[in-house]
Amino acid sequence: MSGFFITATDTEVGKTVVAGALAGVFRELGYNIGVYKALQSGHVASNPEGDAARLKVLSGVPTKEDEICPYSIEEPLAPRLAMKRAGRAVTLKDIIHHYNERLKEFNSLFVEGAGGLAVPYTEDALVIDFAKELQLPLIVVARPTLGTVNHTVLTIAYAKANGLTVAGVILSGCKECEMERVQENKVMIEELSGVPVLGLLPFFEGEFTKEEVLESAKEYIMISKLEEFIRNESTVAHTSSN
């Protein structure tokens, strides 16, 4: 298996934009990459305002929204609670099954979690349990300003304590007027966690196009570093199968 698990330090930090943009960029580079978000609350999968629809648009995958996200519900709560309140039972086994179905279509998947790693996800698992099953390297999406050092370092420590590899951090929503503080936070995160900050993605104000997002990702994220992970994972997978 290859790809990335995109998590964050909080909700509404920019995971979907980052996941969709990275998948779109790698697809432009010729990689057969898909996107997967097992559970979505706040919108049903077909809603154009929801994460599944935005992942589809940004990545450019042919996959239907309800295959990108097989379990979705409108109530904006932690997925486990939202599903429970709706009388729906979703297990870790269920979402791994759908993950494996997507792998029949793509060589690699960029998987988006929900909120942070300790979010109650399925009825029997947290987000981190799902990440541990997949064993994909993590990309941590974080806010760029006040409080982000603490949140990001804690997230990385929690991931490492659970045996996960963290490929890097992307600070999302960076404004030009705050860049001095953003750069200081970048340096502190790297020093305290030992994990590189691979990008400072700008703040997108108002409506934005797929092209604008992908061009920003190419300009502000170290795509070549992430490409090394994809290549290394593919090499390991090929070697293991021989």
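Cβ coordinates are placed from backbone N, Cα and C, and glycine is handled just like the others.
According to Swiss-Prot, Glu12, Val13, Gly14, Lys15, Thr16, Val17, Glu112, Gly113, Ala114, Gly115 bind ATP; the candidate from Asp51, Asp94 that the record adds to this site is Asp51.
The binding-site residues considered are Gly14, Gly113; of these, Gly14 has the fewest other C-beta atoms within 10 angstroms of its C-beta.
Its Cβ taken as reference, Gly115 (ATP binding site) is surrounded by 20 other Cβ atoms within 10 Å in the chains shown. Neighbour list (Glu112 (Mg(2+) binding site), Cβ cut-off 8 Å, at least 6 residues apart, same chain): Ile6, Lys15, Thr16, Ala19, Val35, Tyr36, Lys37, Asp51, Leu55. Sorted by the number of other CB atoms within 10 A, the binding-site residues Glu12, Asp51 start with Glu12, the lowest. The Cβ of Ser41 (substrate binding site) lies under 8 Å from the Cβ of Ser72, Ile73, Glu74, Glu75, Pro76, Leu77, Ala78, Pro79, Ala82, Met83, Ala114, each of these being in the same chain and 6 or more residues away along the sequence.
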